[in-house]
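Heads up, the thing below is written out as structure tokens.
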Amino acid sequence: MEDLKIVQTASWVPDQVIDNDDLSRIMDTSDDWIQSRTGIKRRHISKHENTADLASKTGQLLLEKSGWQAEELDLILVATMSPDAYTPSTAAIVQGRLQAKNAVAFDVSAACSGFVYGLAVASQMMSTGMVKKAMVIGSEVLSKLIDWHDRTTAVLFGDGAGGVLLEKVPVKAPTLLGLQLKTFGELSNELSAGMTSSGNTFPKPLTELTPFKMNGRAVYRFATHEVPESILQASAQNKLTLDQIDVFLLHQANARIIRQVAKRLKQPLEKFPINIAEYGNTSAASEPILLDECVEKGMIKRGDILALSGFGGGLTTGTIILRY
Ligand code: ACO
């Protein structure tokens, strides 16, 4: 039997760190408010690097750490809601920079669920035999979409990238144990960024993109209800009990949401690593950054069963359960 294996993890964040006090000097907010409502202390904010730069750096690290050659890759996916451009895709830029000339490359757009959606696409392309070796990266420079006068969104987000190498290998037992994706398009207005104007702008110049807009309370309610539902549905596919899952790697949007999900699932909080204090919400990058940290710290070991679960713009949810 063959199934997919996470061969390698890596992550990369910009050098510049902006803490809550830095923000309170430019807007009416406070370290106390931000920490108590979200769990965030600081975030990395890019000075010059764009999304493809962070993704390429992560891709280079993945190759260096694993010893894989770029030409071995069949697929490069970048999950992002802050691409460098409408075209080329961020993944195509990464493919060019890595000189991964045998890899097909494209972006996946599902906001903070993007990394799970990317893993889902890669796993399905691997199951058909079309792809044997894949690189899946979540990369975001959300700071370019932020209105730094809007305290309701500006304090929440950060920049960064993380990713994995996947390979289809012979296994004794299946490694892909559950997969659930869901999209709630009727709620698309609850969270948006980068909206363009409709209609013909001739002969006016190009208009600017809109910054982040979010109905925070609605997204909070959505997440605390739909994330547990998504995890339950994914685990039911192969009759896994939640107790059999070793680590829950949830999208890092708000520490309160993660605690609430753990409570609803009746699982101990120790199984839910949280690193939002250091990074803020990095959207599609949050789960691969967390996964890489947990692997590097030895908190995740070979054989562990992982549930990666995201939620975000779309609105979307997604859970994938994998044996590491
Ligand atoms: N500093 C100080 N005060 C603030 C700030 C701030 N940064 N932001 C809002 N406030 C004020 C509000 O104006 C409000 O004041 P008022 O009572 O006088 O009107 C008060 O604080 C409470 O505001 P709420 O919005 O009710 O605060 P809440 O407790 O709901 O927390 C938050 C807001 C943190 C945004 C929360 O709703 C949340 O986390 N929602 C989920 C958001 C999320 O997960 N988004 C990511 C989706 S992923 C993606 O796709 C990118």
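For all residues, glycine too, the Cβ spot is worked out from N, Cα and C.
TrEMBL entries are annotated by machine, without manual review.
These figures come from a predicted structure and were not determined experimentally.
TrEMBL lists region 'ACP-binding' at one of the ranges 17-21, 242-246, 252-256, namely 252-256. Reduced to three states, the DSSP call for Asn281 (active site) is strand. Distance noted between the C-alpha atoms of Cys112 (active site) and His251 (active site) is 7 Å. Rounded to a whole value, the Cα-Cα separation of Asn281 (active site) and His251 (active site) is 8 Å.
Under 8 Å, Cβ to Cβ, and six or more positions away along its own chain, His251 (active site) finds Cys112, Ser113, Val227, Asn281, Ser286, Glu287, Ser309, Gly310, Phe311, Gly312.
Broken down by DSSP into helix, strand and coil, the domain 'Beta-ketoacyl-[acyl-carrier-protein] synthase III N-terminal' (106-183) contains 25 helix, 31 strand, 22 coil.
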